[in-house]
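Enquirer: Below is the structure I would like to discuss, written out as structure tokens.
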Amino acid sequence: MSILNTIPEPSRWSRIKKSKIGYSFRSNPVAVVSMCIFVCITIMALLAPLIAPFDPYDPAQIDIMNSEYPPVWIDGADPQFLFGTDDQGRDLWSTILYGTRLSLMIGLCAVTLQAVIGISIGLISGYVGGRLDSLLMRLADIQLSFSTLMVAIIFLAVAQAMFGSELFSRYAIYFLIAVIGVSEWPQYARTVRATVLAEKKKEYVDSARVLGFGPLRIMVRHILPNSLSPIFVISTVQVANAIISEASLSFLGLGMPPSQPSLGSLISSGFDYIFSGSWWITAIPGVVLVVLVLVINLLGDWLRDVLNPKLHKG
Amino acid sequence: MSLLSVRDLTVKFAMRDGNVTALNQVSFDLARGERLGIVGESGAGKSITGFSLMNLLSSPGYIADGTIQFQGQDIVNLPDAKMRNIRGNRMAMIFQDPMVTLNPVLTIGQQMVETLKAHRRLSKAEAEQIAIMKLRQVYIPSPEERLMQYPHELSGGMRQRIVIAIVLLLDPELIIADEPTTALDVTIQADIMELLLELCQSAKVGLILITHDLGVVSQMTDRTLVMYAGRIIEAGSTREIINDPQHPYTQGLINALPQQTAPGQRLKQIPGSMPSLTAVPKGCPFEPRCAFATDVCRSTPPEIVRHAHVEVACHEVNRLHAPQQEGQSA
Amino acid sequence: MTMSANETPLLELRKLEKRFELDQGFLETLKFRGGKFVREKRDVHAVNGVSLQVTRGEALCVVGESGCGKSTVARLIAGLLTPSSGEIHYEGTRIDDKSRHDLLPMRKKMQMIFQNPYASLNPRMTIKQALEEPVRYHNRALSRGDVEAKVADVMQSVGVDPSWMGRYPHEFSGGQRQRIAIARALTVDPEFIIADEPISALDVSIQAQVLNLMLEAKEQRGLTYLFITHDLSVVQHFGTRVAVLYLGSVCELSDTATLFENPKHPYTKALLSAVPQLKDDKPSHIRLKGEIPTPINLPQGCPFQSRCAHANARCMSETPRPLTQPDGSMVACHGVEEDRLLS
């Protein structure tokens, strides 16, 4: 009954909406800067083998005699090591590049795993309803009542004890992805279930049912595409969380081994030398981690504002 | 002096890709105690007219041009504090959804007393007395008990009655009712309309009734404005407009009603739909849907002029008028 | 619309009932009454013993106010809800107890049009996808070209330009969306259409267009309609027979012309008198006492008894049965039965 009626209802995934996202993005400097930084970090991390002057995984390139050189802007630095070296004599710049790559990869894979488990459970739970819904949601509640870190610590500690450090180190990346992925699925399941419950009441779902379509088709082809916005939003937050979880676990010595350091294990390995003056081993990867997580969260905030239908005004 | 006098009211909405004109040079008068219907389809600008009169337009909408005189006082540029005093006190608005007016966490009594005390110096007991009296006036059974109840405990029809009682609290001179019964059932709608009519007649309150329902307008109002794409296209006495509409759109609207056609026959439909406000044709806004459109209609927007008993904005009104009128009474 | 006795009706509802549980979890059913806990379940009685027959080729309108159960009846027939008791027969076969799979052939015969054209089309699907999906699903053997031809044909028949197929629903106006929704129902070539308030969300000038479209489809395709609405002027125009629903029961069922000329049930009379008329010649409307009771606690006896001016002791205690009147209409009212309503 107002001007709103004359303007097409905002519906996602459309040309108009795309331009709306584009417009909102362009007019939001925080989002633009965050996106630039995120893209820079990601590209550098992905191209790590090409950019990095050294290969931190190659023991032949590591000389213990080079250990604990400070970054170039401090007296006593060796100019071939931009950010200095760590306690084992690895070039910190190269190690950070490789570490960021690992952290991002673990974060993304873990979130993909979470999303697959969480979205399937959320869809089924919301669409089928009844007892199954109650059962699955109580499972999610139980899962949520344990902190992710606690579950991960127990699981990883047991795994480490069972398989031995050697084997564990070799497969640490898979263990991390699995444990972070499995322990955070309820976030997705709950969000998806809530949107499914809202979407299920809409007439297009009834219409699909009257046309005789099966539940699987309705869930995947009709409801899921309309539940994507909240999934996008929590995905950004979850990627940031997963990166932090990985860093925390590695910091506690339950994650990536020192021979293949992620950002977390780098921070951890430098921690012992903080008081001996080699603060950069901890500080520089720390700054990278904080910046990475911050820009992802800022992008997530922006995305949430854009995709929130309640904030749309004609 | 008329109660309300609107001249060349133009409302625009500032959009990302330029301004959209939502109301285009709307002018009308309302005498004291007169009941005016504003009819139109969604997007015609009737609700925006109501909001502008109350000075309730919110960003991105703004009054770009024109004056609104309420009892001789221009209210377009009135400071907020003064406008608040007029709003609610001397003019009040009833919305389609009573929950727009009612606060779900306060009892009916609290809301009524609060409204009264905001505008009058009264004790709580006095305010409650007035509230009970007004609830009686709108035929609410056992009003003392209702004061203690929350809006969600009441049915839709009852809530709308209470909104009317709240509106009446301060004895306004003008009530603007925006689709007050659209959300209600027919039997309840008839009750509420009868009540509004009775109250307006007995207290000489001016009423602006915004609706899409020609039947309601016909029963309730003395005069009618027909709006289309942000303009008034026909204005005049309700009887004249219903019995002998001049503008092809008004004719089409009335002829399209199922009552106007024998059962089972095709209805006389108007082709197409109202242009979106971002794409109003440059000539007559109704021209793309009009069977009588000529080159003039395509190039120049028509002025609203007196014709027969009404005022109408149509270039071709003289040509199309005479033979169209048979078979109107059904 | 007379029906010969030996012809099986297209659709038959037998004593259809639907109750919704208000308290679902076990804990919600526990109530503290008189010093101890009791288990108590409250039900919403949405539909109470509705029996109707729809004959091939007719347009049966179901009218009533909000909460009378008319949409529930539609959804029960469409299989979106399962009845609490009673039976639904389509062409003589019982359909309410069949599984989704067994109902698949039925789906091509019976389709539904919904009230809100803004919600009944999937916003993430183009018109082409939305219209092709049911055709493909029900006719697996059709080639790509056949499917496209079929969809273009249906779009043409509802007056939507097939060249707009690549667009999304939000790019269309409400009237066009409703046309597309109708087209989607027509893609499977149904013979029976349940229309749940198909025009009440549309503007007046658009309502006429959509009603005309439905009338055209009826003539061209020989459709049978079950038309749910609250708008009596539409009923008078569109319906061949009318069932008036109040609190989940049918209170009057008759030919449209008979109902509008000579309404018998006090509720029908009140309903008809409340419709705002264009011309000023109608008597003022019959005012009903109070408002519709909640369907949680149904009144004893006649459902309308609490608001009826003619209610007596019998109405309070005994539920009236639908009885056939001399002019062929069926009325469930003790007053009509006893012939004491002449006022």
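Note that Cβ sites are derived from N, Cα and C of the backbone, with glycine treated the same way.
Pulled these features from TrEMBL for this protein:
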- A:30-52: transmembrane segment (TRANSMEM)
- A:100-300: domain 'ABC transmembrane type-1' (DOMAIN)
- A:102-130: transmembrane segment (TRANSMEM)
- A:142-162: transmembrane segment (TRANSMEM)
- A:168-185: transmembrane segment (TRANSMEM)
- A:231-257: transmembrane segment (TRANSMEM)
- A:277-300: transmembrane segment (TRANSMEM)
Enquirer: Which residues of the chain, 6 or more past the ends of the transmembrane segment (A:277-300), have a CB below 8 A from one of its CBs?
Expert: 30-31, 34-35, 37-38, 41, 68, 70-71, 83-84, 86-87, 92, 96, 99-100, 103-104, 233, 236-237, 239-240, 243-244, 247, 263-264, 266-267, 269-271
Enquirer: With pairs closer than 6 in sequence left out, are the transmembrane segment (A:30-52) and the transmembrane segment (A:231-257) joined by 3 or more CB pairs under 8 Å?
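Expert: No; fewer than 3 Cβ pairs under 8 Å.
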Enquirer: For the transmembrane segment (A:30-52), could you work out the same-chain residues 6 or more beyond its ends whose Cβ comes under 8 Å from its Cβ atoms?
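Expert: Distant contacts of the transmembrane segment (A:30-52): 24, 91, 93-94, 97-98, 100-101, 104, 288, 291-292, 294-296, 298-299, 302.
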Enquirer: Mind checking which residues of the chain, 6+ beyond the ends of the transmembrane segment (A:168-185), have their Cβ under 8 Å from one of its Cβ atoms?
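Expert: That would be 102, 105-106, 109-114, 117-118, 121, 140, 143, 146, 148, 151-152, 155-156, 159-160, 238, 241-242, 245-246, 249, 255-257, 259-260.
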Enquirer: Which residues of the chain, 6 or more past the ends of the transmembrane segment (A:142-162), have a CB below 8 A from one of its CBs?
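Expert: That would be 168, 175-176, 179-180, 183-186, 241, 245, 248-249, 252, 254-255.
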